[in-house]
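**Q** What TrEMBL records for 4-93, 820-906, 1013-1098 is domain 'Ig-like'. Annotation source TrEMBL lists domain 'Fibronectin type-III' at 100-194, 197-290, 411-507, 626-720, 723-816, 915-1009, 1109-1204.
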Amino acid sequence: MLPPEIELDAELRKVVTIRACCTLRLFVPIKGRPAPEVKWAREHGESLDRASIESTSSYTLLIVENVNRFDSGKYILTIENSSGSKSAFVNVRVLDTPGAPQDLKIKEVTKSSVTLTWEPPLIDGGSKIKNYIVEKRESTRKAYSTVNANCHKTSWKVDSLQEGCNYYFRVLAENEYGIGLPVETSESIKVSERPLPPGKITLLDVTSNSVSLSWEKPEHDGGSRILGYIVEMQSKGSEKWSTCATVKVTEATITGLIQGEEYTFRVSAQNEKGISDPRQLGIPVVAKDLVIPPAFKLLFTTFSVLAGEDLKVDVPFVGRPKPAVFWHKDDIALKQTTRVNAESSENNTVLTIKEACNKRLISELRYRVTGLIENHDYEYRVSAENAAGLSEPSPPSIYYKACDPIYKPGPPNNPKVVDVTRSSVFLSWGKPIYDGGSEIQGYIVEKCDVSDGEWAICTPPTGIKNTHMEVEKLVEKHEYKFRICAVNKAGVGEHADVPGSVVVEEKMEAPDLDLDMELRKIVNVRAGGSLRLFVPIRGRPTPEVKWGKMDGDIREAAIIDTTIKWEKAEGRISERTQIEVTSSYTMLVIDNVNRFDSGRYNLTLENNSGKKSAFVNVRVLDTPSAPINLTIREVKKDFVTLAWEPPLIDGGAKITNYVVEKRESTRKAYATVTNNCTKNSFKVTQLQEGCSYYFRVLAVNEYGVGLPAETPDPVKVSEPPSPPAKVILVDVTRNSASIKWEKPESDGGSKITGYIVEMQTKGSIKWSACTQVKTLEATITGLSMGEEYSFRVIAVNEKGKSDPRELGVPVIAKDIEIQPSAELLFNTFTVKAGDDLKIDVPFRGRPLPTVSWKKDGNPLKETTRVNIHTSKTSTSLSIKEASNEDLGHYELRLSNTAGSTTASLTVVVLDRPGPPTDPKIMDSTRSNITIGWTKPLFDGGAPVTGYTVEYKKTDETDWTTAIQNLRGTEYTISGLVSGSEYVFRVKSINKIGVSEPSDVSEPQMAKEREEEPAFDIDSEMRKTLIVKAGGSFTMTVPFRGKPVPNVTWNKPDTDLRIRASIDTSDSCTSLTIEKATRNDSGKYTLTLQNVLNTATLTLIVKVLDTPGPPSNIAVKDVTKESAVLSWDVPENDGGAPVRNYVIEKREASKKAWVTVTNNCHRLSYKVTGLQEGAIYYFRVSGENEYGVGAPSETKEGTKITGECY
């Protein structure tokens, strides 16, 4: 019985990396008795249906062909028999394009933009995601267009969208291997947003329990139709808004209010995207019946009217409650008559005067009085007037009743025949010139059949109101006369005869149409818009209308007229066209047009009198249709050349370029190869050899990317294979030759289906096939002894034959001698101590070679445990129950008459490791002791994985385990008894087991260890630290010492506890200064002190800053107009030499400093041009390469008289 073991190769312990479309092979040697059961699984339970698994008693092999990104992950191998089980795993990374991004969401939608967010793909294809590609597609289109091909975030704002349109969006990740799978929005997104607030709100009315409001529509509906408005109100003292009305119009009346309560109102608009911000009524409203004093809103106070004309005076007013209205004329209450009356409503009153009159000066001896009231009696008188004045009036006339004389009307005007059919006549006429003093009440039409001479009324006895009529139910081919009479209150007037007679028969008129000038040009319409072709027509009888389209379909949604027959010139009529036909016009409408609606539309009219045709050219401005005749021109192992012809429909604009895309047959998403191809062919390179691809081409014009033309079948990227690799002569006899060869460097992208072996006899130019095989070797028989032959091999795949590869030398058919050679696959063999080892070494040689084995330079002795078995083709070394004495170097020697060869190999026996060496005490405290040791000299053939530490008191016999499986070579044992003496030992551990213990350490008492203070620094730390002014610096110093020393930082003239930040632990101290200045330059002293000693370290810091103030500034040699300044160099030069000084002066009565010079290179300067008697202050600043430093100022003023104060 032998527990299962898995011998995972070193390469499989790493991450196995493989390119997409290649074949994954995981070969794992196994062992165990009985032969273990083998199980392969994926970490997350993914299916292994595509995997081919082969298992024997000594190995298992998992093969996955044509791998893709989803084959990445952890492959777990478990073997089990009755003695136990063993598991191992292999991490596989498939280098592929990424998977689809995750969790694509719509973050924000406005009227012109959509903001997308997403998460990275779960599968990155084994390479870092470089960027994302964002694409959009209108819901009415099929092709996506690129928004951003280089997005480096996981969000993107897609702007410049068409308000109100619906869009789909998708995102694809890209890595170094290409563009991955897309993630797409599941539903289309309408590009719209909430509407703007309603416009101005107006208070229309208020009562004790209601309020009426009106408002204007929002300035913008957000891209979606306004569905309604929400009116809200808020009572005074309340913070809550409550909905009081929901309406679809722009006004509302809110009822149920409490009298005397104060309310505030606001209105919000709503569309399908949501509710707008509210618009509030500017002032609060108190629910009460308003009391408004009456007031006129009269624009004019004077109204003029011609006598006999009507006058209407409309006077608006306001007032609550409704005012009573009274009219006066000349301070007398207006008397209302049938000619003068007034009518009032809630907000206006209207005075109406018919046929206005007044007293009038006339020069004739007669006058027509108008404006009288019908049936009233009137008397009249007349006064004469000259330059001296007005005469007395004449005696009044008798009373006359006001009434109009009534007469029968005259004949209707211009009666005529308008149209004639086979059973009716259409007549028209005008009103009589004379109506007889009474309104025309109607007309009577009469007809007379000439054949019998009798007149008959065609209208009702009371007549008809219209001035036209269709006289129906006439007899075809009969001759008729017509006459018409007008009727008023006085009766029927004189008739008017229609000129001539009329024969009742169908009037014939050839079809005709009026094609508008705009329709005679090319009609351009944008894709998605509506096409409307309106054509007036005429003809008798009404012509039959036919619409047709050259080389295509008219797409029909509905036929509006069901009485007129129409049809399409050729082909089927589809489902989006509306055609309306009447007797006077026809109209063709196509909504949501696209490129296929372009073309010539033919209109044909036909009746018994003839036929008329016309056409309209329509150009739909759209993206192009698909390119045509897409063909594969050339296929190689890493590229494909495509060719195509331009689209039949260019979308109404010139084709600017083409987009070429590719898609692996195992994928769903296309990746862009180029988006700027300007030719009708393209070479697609960098294809994966052996993979199958689909290709498609899309044309582009100024309106976007058109429909794709796609290869119907996948194209395998392959070619005939390269020639087989090196051809080797394996054996030759008097009548046969055996050769073998290596696989071609490239299979051309298709599986090698076989090999053809050809031979050529010496002196012949003809090659003949002598055998066909599927393996990499062949034996050619039937050769003639002594004859010389040449051989060559050809590889074959589905694309054809390779060039031949020839055997380097000709072969003579004879028995030959071959120098021995060994075919050793490995030169190191590993076996676990106690296990059996068998090493098989195939060899060849003619004649059969002799075999000898050596170990470590000495002939190998065979025993019952170690023995050798040799056959004609191999020799094997068997070792049973291997031990340390079997490890070492072995040598195999093969010899025959043709020569000899040797092969070296090494046997490693896996055993427990040797013990660690040199255990020693590293440190101690009252309760802890630290021990260290060296790795073992012998690791047992397997890495040491850990150590076991044991200890005991010197006067005890039993060992205590302190820790097991410790990885390091140092350990602190805690919890010891202070003052007791201990010894220690260590054991090594590898995967085979635990070693013997090491030598025992020296005894060590558990007590505090004392050590003088010391600094653990290198030479770099002792160099001057240079810092720029304004920067920060930190000096970190490691140290040691027991007991832990006290740490002190010092700097002359500086309290570092205030200026610096100091941090100290048991083994390290650091000092940090922020915003360094020149004053931080200098020597820093660090002192360590414990009971044993004191250690000191000096560190130097130079801060590169402007210089400090000059020292010892003094004024001397004062005259009436000058003074001499002197000073010493600054104590701190800021880390750079002071090269210049700036001198300034200030009068005591002023606050501003005036520069005397900024170019002084000495330590003194004579200031001239001073005002006698004035008092001056002076200051000097040093300047270095970092700028002008702080100034040094004279403490007292200097009076320019020669004396200093």
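Cβ from N, Cα, C; glycine included.
No curator has checked TrEMBL annotations; they are predicted automatically.
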**Q** Taking every residue in the domain 'Fibronectin type-III' (197-290), what is their average pLDDT?
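**A** The average pLDDT of the model in the domain 'Fibronectin type-III' (197-290) works out to 89.
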**Q** Please count the residues of the domain 'Fibronectin type-III' (626-720) that DSSP assigns to helix (H, G, I), strand (E, B) and coil.
**A** 0 helix, 52 strand, 43 coil
**Q** Determine which recorded stretch among 4-93, 411-507, 915-1009, 1013-1098, 1109-1204 has the most C-beta pairs below 8 angstroms with the domain 'Fibronectin type-III' (100-194).
**A** 4-93
**Q** Cβ pairs under 8 Å with the domain 'Fibronectin type-III' (626-720): which stretch of 4-93, 820-906, 1109-1204 has the most?
**A** 4-93
**Q** By DSSP, what is the split of the domain 'Fibronectin type-III' (723-816) into helix, strand and coil residues?
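**A** Across the domain 'Fibronectin type-III' (723-816), DSSP assigns the residues as follows: 0 helix, 47 strand, 47 coil.
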